[in-house]
Amino acid sequence: MNPNRKIITIGSICMVIGIVSLMLQIGNIISIWVSHSIQTENHHQAEPISNTNFLTEKAVASVTLAGNSSLCPISGWAIHSKDNGIRIGSKGDVFVIREPFISCSHLECRTFFLTQGALLNDKHSNGTAKDRSPHRTLMSCPVGEAPSPYNSRFESVAWSASACHDGTSWLTIAISGPDNGAVAVLKYNGIITDTIKSWRNNILRTQESECACVNGSCFTVMTDGPSNGQASYKIFKMEKGKVVKSVELDAPNYHYEECSCYPDAGEVTCVCRDNWHGSNRPWVSFNQNLEYQIGYICSGVFGDNPRPNDGTGSCGPMSLNGAYGVKGFSFKYGNGVWIGRTKSTNSRSGFEMIWDPNGWTGTDSNFSVKQDIVAITDWSGYSGSFVQHPELTGLDCIRPCFWVELIRGRPKESTIWTSGSSISFCGVNSDTVGWSWPDGAELPFTIDK
């Protein structure tokens, strides 16, 4: 072939290849642009659907926790949670707390707790054995998680508190201020809705466990007056965070502190602490109109600490070893009662659950079930009740549950701080096991040395 023709032929082929390549690139660009336009259009069209779904879910999420069901029949207690807060706090950022308690909505269970405005293993943890200070706040986190700045929600300023969910929003009751004039601040959905002023000017205090909600109304019990003598006790009925009714108990020779309350068949039962002169626990039950009955658990299986050895009980205050006490709970089933108590009779150590089939009304000390929760060689502390409503569990009854505070540090151990972790159990009508679920932290910490 002529050299010039060869050059022309090769040039023509290269030009054709270049034109084809250019057309392919233009086609690719057009394809990408069309595809992007379609995706953008679909995205904009999907947004109203997404928002509609979100709003629908929010609407469905609001219910009324009726509280009209009876407590579920149970044969024992299944482990529900353990937060290991002190163990984790030796290395991680965990709050110094006390008075933890659990409450459940129809969607979730949360651990509420009173912080000391300090973290474990930090200088501000020094001296945190004090109950009432302006630094204490009520916070909450998902149940079973160690309470830290990263997973906790601020609720209110408080050194005594309660909280519960009515099916629409959380209600918090938070007491703070001076001993001679404290005020309880009520918040509903995080907004201040009402206040309650100390009426005896002597350390207004409340449950340190969940309030009880029935048919959209929530109920709590408060105490004002001496911790070692006759005080004043009131039941409050609240709706959407506002007090709509209250009644003062006519209860001479009774002492009610730190009540553990739960709904049962449309009414509320509270089992409390007698810090004056009872080693058995006082109770108050009331309907939605605040018509009430009062008494003491009659069983010879005594529930407070300190307490005498089990023996013959009393349907009034059992005065032997009756002074002082610890927050606790029981669940009434007809004439029978599940009693939660420390294993030790004179220190806050160990924990057990006992079923006394005649203990609500009978004074003998016979029981048929004992389930170990914490060994007597390990520290316990406060304990209290909470429930899971049918709207959460899908059951046709209210599930009884309880939590146990596992106190560590001062005054029993060589630390500069006092704090605790917690465990919880729920009642089931199936197989359970007794064991020991202690706090398990190795003390002292670095800050203590």
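Note: Cβ is positioned from N, Cα and C throughout, glycine not excepted.
Taken from Swiss-Prot as is:
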- 1-6: topological domain 'Intravirion' (TOPO_DOM)
- 7-27: transmembrane segment (TRANSMEM)
- 28-449: topological domain 'Virion surface' (TOPO_DOM)
- 71-449: region 'Head of neuraminidase' (REGION)
- CYS72-CYS397: disulfide bond (DISULFID)
- ARG98, ARG132, GLU257, GLU258, ARG273, ARG348: substrate binding site (BINDING)
- CYS104-CYS109: disulfide bond (DISULFID)
- CYS164-CYS211: disulfide bond (DISULFID)
- CYS213-CYS218: disulfide bond (DISULFID)
- CYS259-CYS272: disulfide bond (DISULFID)
- CYS261-CYS270: disulfide bond (DISULFID)
- CYS298-CYS315: disulfide bond (DISULFID)
- CYS401-CYS426: disulfide bond (DISULFID)
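Distribution of Swiss-Prot features across the structure.
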residue : record                 : DSSP class
ARG98   : substrate binding site : strand
CYS104  : disulfide bond         : strand
CYS211  : disulfide bond         : coil
GLU258  : substrate binding site : strand
CYS270  : disulfide bond         : strand
CYS298  : disulfide bond         : coil
CYS315  : disulfide bond         : coil
ARG348  : substrate binding site : coil
CYS401  : disulfide bond         : strand
CYS426  : disulfide bond         : strand
For ARG348 (substrate binding site), the closest of the disulfide-bonded residues by C-alpha position, picking from CYS211, CYS259, CYS426, is CYS259
For the disulfide-bonded residues listed here (CYS213, CYS218, CYS261, CYS397), which one has the lowest count of neighbouring CB atoms within 10 Å of its own CB?
-> CYS397
In the predicted model, what is the mean pLDDT computed over the topological domain 'Intravirion' (1-6)?
-> 54
Looking only at CYS104, CYS164, CYS259, CYS315, CYS401, the disulfide-bonded residues on record, which one has the least crowded Cβ, with the fewest other Cβ atoms within 10 Å?
-> CYS315
Least Cβ-packed of the disulfide-bonded residues CYS72, CYS272, CYS298 (other Cβ atoms within 10 Å) is CYS72
Where the record names ARG98, ARG132, GLU257, GLU258, ARG273, ARG348 as binding substrate, the maximum Cα to Cα distance in Å = 21
For the disulfide-bonded residues CYS270, CYS426, the one whose C-beta sees the most other C-beta atoms within 10 angstroms | CYS270
Least Cβ-packed of the binding-site residues ARG98, ARG273, ARG348 (other Cβ atoms within 10 Å) is ARG348
If you skip the near sequence neighbours and keep only those at least six away, which residues in the chain come within under 8 angstroms of ARG132 (substrate binding site), Cβ to Cβ?
-> TRP159, SER160, ASP179, ILE203
